[in-house]
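Here's the structure, in structure tokens; my notes come after.
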Amino acid sequence: MAVIRSVIRGVGAYLPKRVLTNADLAKIVDTSDDWIVERTGIRERHIAADGEMTSDLGIAAAKKALVRAGIDPVDIDLVICATATPDRTFPATAVRIQQGLGVTKGAAFDVQAVCSGFVYALTIADNFIKSGQFKRAVVVGAETFSRILDWEDRTTCVLFGDGAGAVVLEAQSQIGTREDRGILASRIRSDGRFEDLLYVDGGPSSTKTVGHLRMNGREVFRHAVQKISGVIEETLVMTGYAPDEIDLYVPHQANQRILDGVLRKLGVPAEKIVVTLDRHGNTSAASIPLALNQAFEDHRINEGSLVLMEAMGGGFTWGAVLARW
Ligand code: UT7
């Protein structure tokens with residue numbers, strides 16, 4: 001029976017020009033290139049310029065994705081921005097992106113699920129498209145985490161970076177099997193009991209300030225591999241695919257040791273995973289679309305590729321999306 005699927009028509013990304021290396025960081029806090037590389041795999045990250053905002057990054061990424069999709073912005077009827085670092089408390093960064101792209105139809109809103117934001121946003125867009133309410137969506141992950149870091153805290157400031165990525169989804173009629181193009185399955189989860197392990201210590205309603213990121217890295221790490229591999233397995237069960245049948249894993253980029261642990265647990269070889277964290281650091285909601293863009297430009301993703309995206313972050317939130325390009 002024919003079904004409507006959300007087909008990924010284009011991907012784009014944008015990174016701010018300024019690069020901050022581990023050696024640069026060693027001049028600011030008591031750290032070293034050796035420690036950061038050994039414990040995380042990160043070598044450098046990009047930092048937004050003064051006045052360069054999350055929406056600017058998101059607009060640049062979305063414009064590239066639209067060009068690659070060959071879709072005119074006037075035909076877009078949904079814009080979702082996953083971000084934990086909005087330009088303003090309100091309105092949503094997505095409406096600024098909507099305006100910057102010249103989209104005037106439909107709806108635009110933000111999704112706040114921190115590092116899992118892009119997986120959440122894709123899942124939400126997919127459900128709107130499958131329901132028939134919207135036909136073409138721009139889904140953006142954009143962050144300026146440099147603005148919420150405590151630059152005196154070496155346990156967190158070395159981990160994160162700024163950037164944006166975007167995909168364009170289009171409703172297309174497909175046969176209704178797991179061989180279809182488009183989003184085939186997704187699963188999102190959260191558990192607020194873990195809020196205090198990764199959070200920002202400010203906000204309009206609590207402190208009337210923006211605040212800084214606080215993390216108990218060791219505890220987050222302890223949960224990560226299990227939660228991520230669990231949600232991947234649940235997503236694969238929905239389609240009956242085995243882990244080794246996936247062409248490419250595009251994970252949220254937090255720590256190389258987490259990526260290695262997930263691979264080991266699933267029994268997947270390292271060449272099937274996209275790694276960008278050495279050059280981008282952890283860009284929260286932007287990391288998956290940035291990695292998708294890299295894989296697309298490297299010709300590792302082609303039409304028909306079976307791609308598994310996954311993430312875990314503050315909340316805790318976590319989730320996975322399986323799509324055929
Ligand atoms: O995207 C959202 C999800 N976030 C994550 O997935 C992050 C998960 N956690 C992690 O990636 C790791 O826990 C970290 C990379 C944050 C930390 O690595 P770790 O191996 O868990 O190190 P640790 O926190 O156990 O710290 C080990 C030591 C400590 O010193 P003592 O107490 O052993 O003397 C830290 O003070 O390393 C010290 N340390 C540092 N040393 C040099 C912590 N940060 C640094 C640093 N440079 N930047």
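Glycine is treated like the rest: Cβ placed from N, Cα and C.
A TrEMBL annotation is a machine prediction, not a hand-curated record.
Keep in mind it's a predicted model, so treat the numbers as computed, not measured.
What TrEMBL annotates here:
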ACT_SITE  Cys115  active site
ACT_SITE  His252  active site
REGION    253-257  region 'ACP-binding'
DOMAIN    255-318  domain 'Rhodanese'
ACT_SITE  Asn282  active site
Same-chain residues at least 6 beyond the ends of the region 'ACP-binding' (253-257) whose Cβ lies under 8 Å from its Cβ atoms: 39-41, 115, 159, 221, 224, 275-278, 280-283, 287, 290-291, 312-313
Secondary structure composition of the region 'ACP-binding' (253-257) [DSSP: H/G/I, E/B, coil]: 2 helix, 0 strand, 3 coil
Overall pLDDT of the region 'ACP-binding' (253-257), taken as the mean: 97
Most Cβ neighbours inside 10 Å, all chains, among the active-site residues His252, Asn282: His252
Three-class DSSP secondary structure - Cys115 (active site): helix
